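**Student:** When I checked TrEMBL for this same protein, it listed these features:
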- 181-362: domain 'Malic enzyme N-terminal' (DOMAIN)
- Tyr204: active site, proton donor (ACT_SITE)
- Arg257, Asn512, Asn556: (S)-malate binding site (BINDING)
- Lys275: active site, proton acceptor (ACT_SITE)
- Glu347, Asp348, Asp371: divalent metal cation binding site (BINDING)
- 372-625: domain 'Malic enzyme NAD-binding' (DOMAIN)
Amino acid sequence: MPSPRNFFWSHATHLLRRCGRQPDGVSSQRSLYSAAPIADLIAPPLGANFWGIGCSRRHRNLPAMENQVKGMMSGGLDVSDLKNANTVGGGVGDTFGEDAATEEQPFTPWARIVASGLELLRDPRYNKGLAFTEVERDRHYLRGLLPPTVISQELQVERILENVRSYQNPLEKYIALMDLQERNERLFYKVLIDHVEELLPIVYTPVVGEACQKYGNIFRRPHGLYISLKDRGHVLELLKNWPEKNVEVIVVTDGERILGLGDLGLNGMGIPIGKLALYTALGGVRPSSTLPIAIDVGTNNEALLKNPFYIGLRQRRTTGQEYDELLHEFMIACKQAYGEKVLIQFEDFANHNAFRLLQKYATTHLVFNDDIQGTAAVALAGLVAALPITGGTLADHKFLFLGAGEAGTGIAEIIALEVSKQGKITVEEARKAIHLVDSKGLVTKSRYESLQEHKRPYAHEHPPAHDLLSAVKVLKPTVLIGTSGKGGTFTKEVLEEVSSYQDKPIIMALSNPTSQSECTAEEAYKYTKGKCIFASGSPFSPVTYEGKTYVIGQSNNCYIFPGMGLGCTISGAIRVHDDMFLAAAEALAKQINEEHLAKNQLYPAFNEIREISAHIGAAVAAKAYELGLATKLPQPKDLFAYAKSCMYSPNYRQYRKSLLPGATVPRPRL
């Protein structure tokens, strides 16, 4: 009877021929590995997609070999035995059984060969550090490469937190967490999920703003794809260079309007990276199905162009036809590479591009702009949540915005949509209660010809008002919303004026980072004498005024976009409809209870965020099915339970002990 080693050799050679490859010149088992990935040769039966790796199309269906290899597998239920019809992690084909199995079932850490030794330790997807068990250390040739102690993932979390907390500088904390993500992916998400309230301001706003400003200085390892003007005509090839082929969520920026910090060029890559980390941590979208992308068309930031550490093109920002052609090539390439259902989130594009790109591609791609639609949905949720405190309906309020850019007009439009839906009036009528103040004053009919297209629907017949205070005195709004990106613009005079005629004014200072907030929470309660209902875009500590403590709800897009991504992927949506954002906002508002309202808290705590994302994902998916935009049929009976079941778990997995009877994982090449 042949030995397992010789049997493996003959069987692998046979599979090479079946895959259309000639083993000519293969003189040993070692050189066989270079002729074909071992995953092609002895892969367990994980479905047609897996058999397609490295084989021609005509050889992808190999049931005979599947049965033969399966028969050689060691006994017991294995992840490869699971049916993978309803995929997890947002609907991505779970090729390696990474998430399809329960955490107790073993799976194999595949790279191009079975990962072992230093390769395993250096792969952030599979590295567990000191949490590798004794058996795993034996089977994967880790003896001597690790200290002898074995610790739990929970203890690793405690150690990471202790190290992060030891840094005084927030940027140092950010760097420490990003380094963790690059060496141990599951531990990074475990830390972030279990301590989201503490770490969210570090991974995203406000600290990510400073990280973007200094991105060239702290750059360590490329994360995501960088597409520049030099790559025109080859964008599809760049997408094919990305190692993960089942991408379902892309966040893309051109870096022209990063938070409230302006044009940061390619340094803006910190935003897509941070956003997608939150898609996974908060929305449960599997990290292997996400792709951060920065499009480099230059920058008009002179300081960056002179900075020797800047990582982008050293040229002025390209506009016009050349810009549009690169963006169009990118959008077409995304569909070609990842299909009709890849979700593309536009992030931090400047106003003049954001609106037209969204309008251009909304009917042909699965796209949304988080600065316009995500910000709008989370703000609407806060307004709806405040109604039990103020009384009445949205139609009873008058809204005044400071800031008429993407965020301001996006919020204004979703308010108009919701008011028209509830009051059964036209959107045009609903807009009459919404007013905008931009850098030139109140947006009025007299300025109509000079206004940008997105401001014109809110140009009403009013006398000119050249500043916010004048507009407040004339219009007497009951809701004041700041999206200006300029700190301190809700002055003492403005806040006192709003509270002089309104018992419970709603004040939303939504600009971030914290330095750009229109006012602080303390200022809002102090100058309105405790009357206001306050929410902010950046985090603020609770405020105590005249013996009563108010918890500050953060109107953060993190409540919406992870659930939106989850809902789109689990339903297989092919387009994003405005009603899906309305559904997301309503689902978020429903999470506010009497306990929250007693503290004027318009948004739930972030430690509840994964449960909230599941509710939002279910609501978005339900609306996609209702509108006929969902492709994953039949519709699950319980969408909330299904959404929760699809969410990524960061807990460590047990690695399979062996592949064939008597065989071990191949020893790493020296």
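Using the three backbone atoms N, Cα and C, a Cβ is placed for every residue, glycine included.
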**Student:** Quick check on the recorded positions: of Arg257, Lys275, whose CB has the lowest count of neighbouring CB atoms inside 10 Å?
**Tutor:** Arg257
**Student:** Express the distance between the Cα positions of the residue listed as 'active site, proton acceptor' and Asp371 (divalent metal cation binding site) as a whole number of Å.
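**Tutor:** Here the two Cα atoms are 12 Å apart.
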**Student:** Measuring Cα to Cα, how many angstrom lie between Arg257 ((S)-malate binding site) and Asp348 (divalent metal cation binding site)?
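**Tutor:** With the alpha carbons as reference points, the distance is 5 Å.
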**Student:** Give me the sequence-ordered set of same-chain residues, not including Glu347, Asp348, Asp371, with a C-beta within 8 angstroms of the centroid of the divalent metal cation site's C-beta atoms.
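**Tutor:** So the additional residues around the site are Thr253, Arg257, Ile258, Ile271, Phe346, Phe349, Ala354, Asn369, Asp370, Glu406.
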**Student:** Specify the count of other C-beta atoms within 10 Å of the C-beta of Asn556 ((S)-malate binding site).
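**Tutor:** Its Cβ shell of radius 10 Å holds 26 other Cβ atoms.
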**Student:** Which number gives the other C-beta atoms within 10 angstroms of the C-beta of Asp348 (divalent metal cation binding site), all protein chains shown included?
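**Tutor:** Here the count is 26.
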**Student:** To see if you understand the setup: which same-chain residues, six or more apart in sequence, place their Cβ under 8 Å from that of Asp371 (divalent metal cation binding site)?
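**Tutor:** Expected: Arg257, Phe346, Glu347, Asp348, Phe349, Ala354, Glu406, Ala407, Gly410.
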**Student:** Take the C-alpha atoms of the residue listed as 'active site, proton donor' and Asn556 ((S)-malate binding site) and report the distance between them in angstrom, rounded.
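**Tutor:** The Cα atom of the residue listed as 'active site, proton donor' is 10 Å away from the Cα atom of Asn556 ((S)-malate binding site).
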**Student:** Over the residue list Arg257, Asn512, Asn556, recorded for (S)-malate, what is the maximum interresidue Cα distance in Å?
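**Tutor:** Farthest-apart Cα atoms in Arg257, Asn512, Asn556 are separated by 18 Å.
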